[in-house]
Amino acid sequence: MLDMCQVLVYLVTLSLSVSRCDPGWEGELCERCVRSPGCVHGTCHQPWQCICQTDWAGRFCDKDIHACTHQQPCQNGGSCFDTGEGEHWCSCPDGFYGKNCELRAGPCTKSRSPCKNGGTCLDRDGFADTLTCRCLAGFVGPRCEEDVDDCLMRPCANGATCRDGVNRFSCICPQGFEGRFCTVNWDDCTSGPCQNGGRCYDRVADFDCVCLKGYSGKTCSLPVPQWRKERPALSRRDPGITIPQPDHATRQGLAALPAASPTQPVREQERLLKVEVKELLSEPSSALAHSQIVGLSVFGALTALLVSVTVVVMLLCRRQEEPSRKPPRSGERGQAEGAISFLQPPAPESRKELYLDLM
């Protein structure tokens, strides 16, 4: 608890001492001047001064006057010389250069940076036997002399033409596409091409219109002609043939249409459709009737011949079957019955007699 009280008393005393000193002075009795900000090896007699001490120089007294003796900055066998103002310079041997002879004159220095197109020459600070070039994006080759074909990977889509540039490419888009890679399909319905309330559907470099009833065409600009159904009248020549006849109003409408001149073509909505139907009637000739009679006669003769042949064949077959139906003799019949009696039993005789009596 006592330590905390002492700290508080010290802080209060310090704040009072600081607050009562004029700007540029410090200390309990405001006896010390404030040095210039950044002053390293210096003092002051007045506020904001930086008076360098012995062997130091510079604005902030940060440079050693005897750097060659104290620091020996020259490398790789270089000779150091002081300038007396806190600076030095080094005399470098052959093959080395730099402020302190820290760099070696390697392949990059001897070749005067042969890398092209902004490439960086690397030779391990001159200690490498050969140099290498670190190329920027878009260039290849030992000296970065070759431009990479940026169109090799075909970045442009939808059949666009790729044009190679220096570390870049550009796409020339076909009609209907846009964007850096020609991947955006241009909306052909933006301009509202469909007329008369038609609905537009975008396609690739094209559009389709769904027209309302009564209109047609690519942009629904052509009205569909409305044809009236006329009642057909009978012809004088043949009552089976009907020819539509326009009424009086239709004939007046046709007569009122203006004739088209060579310099003023007829518009689409004023064109008329003319349909002619012709039917030729011919009476059956006598030659056709004669051929039908001949055909019927031949067919009848062939039918009669076929019937006759069938009857003859049936008669011949019946004559051949009559000898086989003659009754066999008694001896032969007995032998036949004896031969097959063991195979099948004889029919009961009582039934035969009964059958004969009934007959």
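Cβ from N, Cα, C; glycine included.
Taken straight from TrEMBL:
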- Cys92-Cys101: disulfide bond (DISULFID)
- Cys135-Cys144: disulfide bond (DISULFID)
- Cys173-Cys182: disulfide bond (DISULFID)
- Cys211-Cys220: disulfide bond (DISULFID)
- 64-102: domain 'EGF-like' (DOMAIN)
- 104-145: domain 'EGF-like' (DOMAIN)
- 147-183: domain 'EGF-like' (DOMAIN)
- 185-221: domain 'EGF-like' (DOMAIN)
- 320-348: region 'Disordered' (REGION)
- 1-19: signal peptide (SIGNAL)
- 293-317: transmembrane segment (TRANSMEM)
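With respect to Cys220 (disulfide bond), the closest of these disulfide-bonded residues in Cα terms is Cys182, chosen from Cys92, Cys101, Cys135, Cys144, Cys182. Taking the Cα atom of each, Cys144 (disulfide bond) and Cys211 (disulfide bond) are about 62 angstrom apart. In sequence order, Cys156, Ala157, Asn158, Ala160, Cys171, Cys173, Pro174 are the residues of the chain that are 6 or more apart from Cys182 (disulfide bond) and have a CB within less than 8 Å of its CB. Distance from the CA of Cys211 (disulfide bond) to the CA of Cys101 (disulfide bond) is 87 Å. Between the C-alpha atoms of Cys92 (disulfide bond) and Cys135 (disulfide bond), the distance comes to 31 Å. Here the domain 'EGF-like' (104-145) returns a mean pLDDT of 89 for the predicted model.
In the three-state DSSP scheme, Cys173 (disulfide bond) is classed as coil. Cβ contacts within 10 Å of Cys220 (disulfide bond), excluding its own Cβ and spanning all protein chains shown: 21. For the domain 'EGF-like' (185-221), residue counts in helix, strand and coil come to 0 helix, 13 strand, 24 coil, using DSSP.
Per-class residue totals from DSSP over the domain 'EGF-like' (147-183), listed helix then strand then coil: 0 helix, 13 strand, 24 coil.
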